[in-house]
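Comments concern the structure below.
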Amino acid sequence: MKYTDIDYYVFTDAAKFVSEGQSPYDRATYRYTPLLAWILLPTTWTGLGGQQVWFSFGKALFAVSDIIAGWLILHVLRSHQRMDMQRALKFSSIWLLNPMVATISTRGSSEGFLCVTIMALLWAVLEKRTILAGVLLGFGVHFKIYPFIYGPSIIWFLEDEGNDAFNGSKGFTLSNLTDYVCRLLMPQRIILGLTSLVVFAGLNVAMYMLYGAPFLQHTYFHHVTRVDHRHNFSPYNMLLYLSSSEISQGIPGNNFESLAFLPQLGLSAILIPLALAKRELAGSMLCQTFAFVTFNKVCTSQYFLWYLVFLPLYLPYSSLIKQPLFGITVAALWAGAQALWLHQGFQLEFLGVSTFVPGLYLSSLAFFVINIWILGIIISDIKGLPLTGKGKANNRSPAAVKKDT
């Protein structure tokens, strides 16, 4: 099996089309923003002999993105969790020295580039750089869609000197309600929302003007009706396989894959932000991402990086660290469920053994159940943090952090 991810060849082929003045969507299966192909234009540079001289530019870029994300994690731990350098380095190394992270990026997956964008977004919000946060949020959503789930958490986290809670003790008067609405529509929230919307819309308009309807179809619409059962840990895997079989035979599908977004978005974009954002923003974003990936109809190993980048910010106060044996058990079950699925997948794709039922399906369900259990643990840990009036539970004192770790 080749080390380079097949997606990297898709990226670089699309970049080659762009370098020749064509559309990146002339490359079949390119389902990303044209910006990614533009960024990877150096991979098309050739030397005197016509050979590509920097084909690995993208791999290097994604690996450097991982390092920058690690630096931002270190900064957040130092500045906002009041952690000393030695302890902060230990937790940052969970990301920086993670072999899974390094392997995925050096194989040519672009997730590292997205992860550094999200970590920069978190840093900007915590540093009260609202305009920069809006720019990063708008860019992130354009680049990969799913970061829009962070919008509700950030909006709810931002708070004026007053309290956002509706004070029913004063009675449900028009004055009381008006005051509450005014506090909700604080300047920071409006600036963040408008900035992110302008950046997102601006990028989309520019890309649409250049590439037309194929841009919208391949970058956005494709993911709503996507039927991809390969390398998919999701419990929807078997249903997607059957649906793709019907489509290939010209049989109208039931479009159930579009309904899969309902529980996923209800949990990750509404319930979790409302419950956790004012206690711990990074923790809320971790839970949102974990829920989004777990309930997604397509779940691949690359998607795990989306939530692993938040892990060093959650672990200092987690029960997984306070109870080492419990933490090891959780990690072992998470990795073991993946190994079980990969064993079934290997038999299917490399040995040609039909393992869809019961092997692959049951291993997908096992992984899903374990992830739900882990999500409950994380939510419970974050709910145990103090709720402050200004949404700054993550600014814990050094003593509190030391006690937690």
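From the backbone N, Cα and C atoms, a Cβ is placed for every residue, glycine too.
What TrEMBL lists as transmembrane segment is 53-74 (among others). Long-range contacts of the transmembrane segment (53-74) within the same chain, counting only residues at least 6 positions beyond its ends with a Cβ under 8 Å from a Cβ of the stretch, are 4, 8, 11-12, 39-40, 42-43, 45-47, 88-89, 91-93, 95-96, 101-102, 105-113, 115-116, 119-120, 122-123, 309, 312-313.
Under 8 Å from some Cβ of the transmembrane segment (95-125) lie the Cβ atoms of residues 3-5, 7-9, 11, 32, 36, 39, 58-59, 61-63, 65-70, 72-73, 75-76, 132-133, 136-137, 139-140, 143-144, 147, 150, 154, 157-158, 281-282, 285, 301-306, 308-309, 311-312, all in the same chain and six or more residues away from its ends. What TrEMBL lists as transmembrane segment is 95-125 (among others).
Using a Cβ-Cβ cut-off under 8 Å and counting only residues 6 or more beyond its ends in the same chain, the transmembrane segment (131-149) has close neighbours at 33, 35-36, 113-114, 117-118, 120-121, 124-125, 191-204, 220, 223, 265, 268-269, 273, 288-289, 292, 306. As annotated by TrEMBL, transmembrane segment applies to 131-149 (among others).
Annotation source TrEMBL lists transmembrane segment at 190-211 (among others). Note on the transmembrane segment (190-211): residues 23-25, 33-35, 130-131, 133-135, 137-139, 141-142, 151, 154-155, 158, 219 of its chain, located 6 or more positions outside it, place their CB under 8 angstroms from a CB of the stretch.
Positions annotated as transmembrane segment by TrEMBL: 325-343 (among others). Tertiary proximity for the transmembrane segment (325-343) is limited to same-chain residues at least six positions away from its ends with a CB under 8 Å from its CB atoms, namely 233, 301, 318-319, 360, 363-364, 366-367, 370-371, 374, 377.
The feature transmembrane segment is assigned by TrEMBL to 355-379 (among others).
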